[in-house]
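Q: The structure under discussion is supplied below as structure tokens; questions concerning it will follow.
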Amino acid sequence: MSGKGRGLQAYAALYLLFLYAPIILLPLFAFNSGTIIAFPLQGFTTNWFAQMWANATLRTALTNSLLIAVSAAILATCLGIFAARASTRFEFPGKGGMMGFILLPMVLPEIIIAMSLLVVLLGAGVQLSILTVIVGHVLICMPYAIAILSTAFSSLDKSLEEAAYDLGETRWSAFRLVTLPLVMPGIISSLLISFTISLDEFIIAFFLAGNQPTLPTYIFSQLRFPKQIPMIMALGTVLVALSIVLLTLGEYFRRRGNARMGGNPTGGFL
Amino acid sequence: MTDDRKPMIECRGVHKHYGDYHALRGIDLTIRAGEFFSLLGPSGCGKTTLLRTIAGFEDISDGAILIDQKRMDEVPANKRPTNMVFQSYAIFPHLTVAQNVAFGLRRDPRSKAEKAALVDEALAMVGLRGFGNRAAHALSGGQRQRVALARALILKPKVLLLDEPLSALDRKMREQMQVELIKLQRQVGITFVLVTHDQEEALVMSDRIAVMFDGEIAQLDGPEALYARPANRRVADFIGVMNFLPARILGESDGAVTVEAPGLGVVELPARQVSRANPDDEGPTLGFRPETMTLVGANQTHSQPRETNATIDEVVYYGDMTYYDLRLDGAAGLDGRARPVRISMRNVFGRDVQEVGTRTRLAWSPGSLVLFR
């Protein structure tokens, strides 16, 4: 190995350290008995986790966030299925423009989406609640859902559905029996991505939730109190663990789907 | 060919428009029960569109399609007595072979055991006995093809539609499947309608062939008639290889035409050897197939009525065949250009392949010529 190669290795190691060291600090301090986030570490404790479970506001925030994320993921994915199927199967006037507008929130600054939604909702006299957050999150999850699902649909042979129809099934049962199982890995990916995006989304939740806390807004509000920080570290640890479990599950389903279909990846994200 | 079989598919003045594009321009066609019928033409000629209108995947803009003497206007694809083998085979990759074949039986009220017996029977028919539990995605191209056939035939359709079913196979496999398809068709007696751009495939397999160009049927005939008496120059060009020489018409009587072609001299052709030229042809042309003329060695004799001297320009050796590109003596006459003609000779044991530059004689008969005017 030349010196140049070793330099690149060191760069790669530093790069990974920079990316992941902060995340490793989360569990480190979550189990540290000291109340101040600083080295050296003191004793081992699970107090912060206990404190976290006992915190009623946090539980509300967690319930809200899960409710929002699950609803947004399901809604965005369902709408995404329609849009992705339409855009990959059919030609219709204005298709390009329509798809462009649906994908626009992906590049639009979120603060602008949040502000304009707030103006519209307040103007329409809608009460701000987790419902309005769900609406906002569906809007920003849709582009990702459609991007993933379009890949899944477009890699699917169009004549599969026709074959099922030709063999006596109805349009709907042909879709259910053939297309749906084949794009299922894409659907699961879309659900997971949308869920993750919604779960840690801050700006829209901050603007549109009214007085309801979500996890990110709650964490932000607690950062002002140094006493609460170890508990937030515990919460962060739980979230990281949850993300890893979710991603692993998603990848497992995707690989299983691929193996069943002869290794033709459709719309995975890892 | 017996013409008294009842009509199975009738197309009456079928038109199909896609926006401004006129894909089918008045197709009139009768396919008889039990026939192996091919729709042949270059890509974009409308053959697949016609097949898909018969299957019910596309609506027609005008005219009528009848299957087994019933109008199909209001009958959707899933209710028509037709089944289709797709170009991509469209095997459901998430199901096993047996599940694929049994797919069409889902709405069938028969018992599980009866259905399983039907599946076994269908798999045996296509030579896939014992493959039922395999995953469909693990099959080879030829095996997928067979599964697609079994899946379509298990429903005992009145018509089996095949959309370029062999185009994805390699040459050996394709030739093998051609023979198997013919056998299968005879065995089940179902009307087969095949779409192909491969003229050889159509000639090998079909009872009758409709040659299509630009959304119209240019000629509908049996393979031999199509090959020997093409209705126009375009068909002649598309089916097999044909040499074309510019010709001059000298006279006409009772339909028989006297023509002169450089290199071939003056010949009189009866009406059945006269066909239509393309609209953009510069003048009449004489055509002949490469295998209808024979190269004759220096001291060989032959029994053909006519003989022409020529020089060998190019030799292409194919193992069983050799193609010779020849310059006919006097062929540069009319337009100053010497057009090479292509002759094919079967390589027979004991006869040497002739070399480039050799002076040779070409033996032929006026009966093998076709005039396009």
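Using N, Cα and C of the backbone, Cβ positions are placed for all residues, glycine too.
According to TrEMBL, the feature transmembrane segment maps to A:12-41, A:61-84, A:96-124, A:130-156, A:177-209, A:229-250. Here TrEMBL flags A:62-250 as domain 'ABC transmembrane type-1'.
Quick one: how deep are these features, and who are their neighbours?
A: Nonlocal intrachain contacts for the transmembrane segment (A:61-84), taken as residues 6+ away from its ends with a CB within less than 8 angstroms of a stretch CB, comprise 99, 102, 130, 133-134, 137-138, 141-142, 144-146, 148-150, 152-153, 183, 187, 190-192, 194-196, 198-199, 205, 209, 212-218.
Counting same-chain residues at least six beyond the ends of the transmembrane segment (A:96-124), those with a Cβ under 8 angstroms from any Cβ of the stretch are 83, 87, 132, 135-136, 139-140, 142-144, 146-147, 201, 203-204, 206-208.
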Q: So what's near the transmembrane segment (A:229-250) in sequence-distant terms, Cβ-Cβ under 8 Å and 6+ beyond its ends?
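A: Here the qualifying positions are 23, 26-27, 29-30, 32, 34-35, 37, 48-49, 51-52, 55, 58, 188-189, 192, 195-196, 199-200, 215, 219, 222-223, 269-270.
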Q: Counting only residues 6+ away from its ends, which parts of the chain sit with a Cβ under 8 Å from the transmembrane segment (A:12-41)?
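A: Residues packing against the transmembrane segment (A:12-41) from afar: 47-49, 226-227, 229-230, 233-234, 236-237, 240.
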Q: List, by number or range, the same-chain residues at least 6 past the transmembrane segment (A:177-209) whose CB is under 8 A from its CB atoms?
A: 64-66, 68-70, 72-74, 76-77, 80-81, 85, 110-111, 113-115, 117-118, 121, 128-130, 132-133, 135-137, 140-141, 144-145, 148-149, 151-153, 156, 160-161, 163-164, 169, 215-217, 220, 239, 243, 246-247, 249-250, 253-254, 257-258, 261, 265-269
